[in-house]
Amino acid sequence: MEVGVGIHIIADFYGVDSELIATTERMYPIIEGAVEYGRLTKISSDYYQFRPKGASGIVLLAESHLSFHTWPEYGLVTLDIYTCGDPKTADDAFAYLVDKLRPTSISTRKIVRGDMIEEAGENQIEEAALH
């Protein structure tokens, strides 16, 4: 049985409008909107503007975090969405970002974090019994 503590979505968005991702001013409402749409609990956030263009940001969530980095010169946005609890929250936040950023292609990995908890616990019990 697979047991996990959270869902981690790692994604690269290609072909995104360079003007849309060039500044924190443009990215801020999109990222904050994803947090709201995903019904995530924001603790704090921080954004950084690169010169002449490009942006990075992270939202600390009660459920974990959402972070991004942009490369407008390549039309690239890299995303990290990690949530504990209901996996639908990560999926909803991700879907919101796809809708708002409109990439022409996406590379995605979805990982169940802590999926070996039971297995690790069993191994520890077996090893303790041998000593």
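Each Cβ is built from the backbone N, Cα and C atoms, and glycine gets one as well.
Source: prediction; values computed, not measured.
Listed in Swiss-Prot for this protein:
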- Ser64: active site, schiff-base intermediate with substrate (ACT_SITE)
- His69: active site, proton acceptor (ACT_SITE)
- Cys84: active site, proton donor (ACT_SITE)
- Ser64: pyruvic acid (Ser) (MOD_RES)
Long-range Cβ environment of the residue listed as 'active site, proton donor', under 8 Å and at least 6 residues apart: Val5, Gly6, Glu63, Ser64
Cβ neighbour count (within 10 Å, all chains shown) around the residue listed as 'active site, schiff-base intermediate with substrate': 20
Intrachain C-beta neighbours of the residue listed as 'active site, proton acceptor', sequence separation six or more, cut-off 8 angstroms: Gly54, Ala55, Ser56, Val77, Thr78
